[in-house]
Amino acid sequence: MEDFVRQCFNPMIVELAEKAMKEYGEDLKIETNKFAAICTHLEVCFMYSDFHFINEQGESIVVELDDPNALLKHRFEIIEGRDRTMAWTVVNSICNTTGAEKPKFLPDLYDYKENRFIEIGVTRREVHIYYLEKANKIKSENTHIHIFSFTGEEMATKADYTLDEESRARIKTRLFTIRQEMANRGLWDSFRQSERGEETIEEKFEITGTMRRLADQSLPPNFSCLENFRAYVDGFEPNGCIEGKLSQMSKEVNAKIEPFLKTTPRPIKLPDGPPCFQRSKFLLMDALKLSIEDPSHEGEGIPLYDAIKCMRTFFGWKEPYIVKPHEKGINSNYLLSWKQVLAELQDIENEEKIPRTKNMKKTSQLKWALGENMAPEKVDFDNCRDISDLKQYDSDEPELRSLSSWIQNEFNKACELTDSIWIELDEIGEDVAPIEYIASMRRNYFTAEVSHCRATEYIMKGVYINTALLNASCAAMDDFQLIPMISKCRTKEGRRKTNLYGFIIKGRSHLRNDTDVVNFVSMEFSLTDPRLEPHKWEKYCVLEIGDMLLRSAIGQMSRPMFLYVRTNGTSKIKMKWGMEMRRCLLQSLQQIESMIEAESSVKEKDMTKEFFENKSEAWPIGESPKGVEEGSIGKVCRTLLAKSVFNSLYASPQLEGFSAESRKLLLVVQALRDNLEPGTFDLGGLYEAIEECLINDPWVLLNASWFNSFLTHALR
């Protein structure tokens, strides 16, 4: 039967039926007749809706496929086939917009012409018997019932068949065809006899013979027969005594359950050591942009042209010198690399026509900075078999680092609003169904809250840099290509703006595997003096390269302009994820959406509008040493987005491990707050697993610090 269903029905219908059975905990391998019945019912619901539209005059019309008028409003809203939460959201929305009475059970369709819900039935028995069962179950005059049988009979409330003769004939023909196909394969009798009434019937299912012997052999230890195991499972209390459960398990399991009380958990131990350093691929709050408004120059949109145009807006260049050396690097090479960039950009400007890309001369300073010829020679393993002391080279353990205040400042800054608009979501067509209308409304509200956010700027900057670097890595594998770090935005007044943050020079990039590394040197403009927090800039050599005139309330003032230079590296897989940083917007929108859904299910109506427009309501944002921080819904949106963006910018194995292990402790603490009396074993092992992830990563250390604040306030 399962094979027949997969051959006979559209794959989309099969997939929806699989999901429905999974949702109700039914096994389609066993309940094959039910699988076929669900697919049949879904197909009838879809056929009922197909080709039926409402025109501008409010009349119901039938329109075949490929008709230019196919953008008319659908007559029927399909509720069947959606997961329960979404289905009820649609039903609630329809009731709110049309004034229809809310049904007790989920109906299958809503008819916008007749303004009524419809329950579709497909039966293998007498239509009038099935109709009465449906009517007794629903007990509502507002839901229209329409029953079809496999023999071509039908029955509907007050003999009102809703659809025209031809549409109903299509459904009956399809049902008859399904019956014939089943009969040809010898499946029909079993299918016909398997139909139950609307009330579920419990029966004792006996297992005999070989299956019984197999069942007895397959029991867990300490169970002598299937009846004992059944009785144990039936009496299993999920929140019962854990020790009792463990005693029934294998003798190998030896765990003493300790009660988890308010006094049980201790704070996570953060490592001691020198302060942690900045390790993102580009500057965040410290970045400085050279910008042009309303770009209309020749070659606008070509990165090199845009970069040169932005560079021309600054007139305060001066002879560069080192203000904060890199402790381990040859700092003169970083200085020479910047001078080379300036000189080669000047050469481009002197040319008659500016090229689209610029490959840097392979000077000694760039070769050093990009690690050219530094990789150890690869030797085939077969040629080394005879070497007696062959071993992997020793690698040093990473040095432990302590949490530093700069990472919290970075996060706070990422949550702030800028004076530019960083995302513009394209129009995606007119909303037809209620669920689309709700989705668009939520998306628009969310976009309004985050489009000016600095975290959104980081997304667009990350997408641009990773895309440009991956393109160059594939297109110019052997070249030291100069890649401008650019972003685009709009001012509050709606004027377009192109920004230059600095430059990247890419090293050799023969990237065969996803994890093969391409080295690059980044050179980024900033007004931040590195001497204020030298530990943050451990990996950088910082030059002073000019003086910038800034307008302030007290007039013009001059500030030194710095260039942050460092050697860095990335891989194909990291660039691929960097290019997809816009996913962070989706992730944080989904988190907000789940908050709206929770609110809506309590109020039994869609609360999107109230959620975003009630400015007086304060929402919890996070934990700090002061307690639970609260803010507007806009602040919640921006904080969730910033967390998602930082998870992307500071992605690492340390973060993966900390997130997975700390979640376990979080769940236990939440169970305690919910008075569920949790018990634990090997809590020390869990702390060990969490703390081994706290090494030197600034974002992980900050998350651990937040977790400690949560523990303090949650267990008061």
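Glycine residues also receive a Cβ, built from the backbone N, Cα and C atoms like all the rest.
Listed in Swiss-Prot for this protein:
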| type | residues | note |
| --- | --- | --- |
| BINDING | HIS41, ASP108, GLU119, ILE120 | Mn(2+) 1 binding site |
| BINDING | GLU80, ASP108 | Mn(2+) 2 binding site |
| MOTIF | 124-139 | motif 'Nuclear localization signal 1 (NLS1)' |
| MOTIF | 184-247 | motif 'Nuclear localization signal 2 (NLS2)' |
Inset, instruction - Show which residues of the chain containing GLU80 (Mn(2+) 2 binding site), separated from it by at least 6 in sequence, have their CB under 8 Å from its CB. - result: HIS41, LEU42, CYS45, ALA87, LEU106, ASP108, LEU109, ILE120
Legend entry - CB-centroid shell, 8 A cutoff, Mn(2+) 1 site HIS41, ASP108, GLU119, ILE120, site residues removed: VAL44, CYS45, GLU80, PRO107, LEU109, ILE118, GLY121, VAL122, HIS146
Inset, instruction - Please give the average pLDDT for the motif 'Nuclear localization signal 2 (NLS2)' (184-247) in this predicted model. - result: 70
Inset, instruction - Would you count the other CB atoms within 10 A of the CB of ILE120 (Mn(2+) 1 binding site), including those on all shown protein chains? - result: 22
Inset, instruction - Check GLU80 (Mn(2+) 2 binding site) against DSSP and tell me helix, strand or coil, would you? - result: coil
Inset, instruction - Run through the motif 'Nuclear localization signal 1 (NLS1)' (124-139) and tell me, per DSSP, how many residues are helix, strand and coil. - result: 12 helix, 0 strand, 4 coil
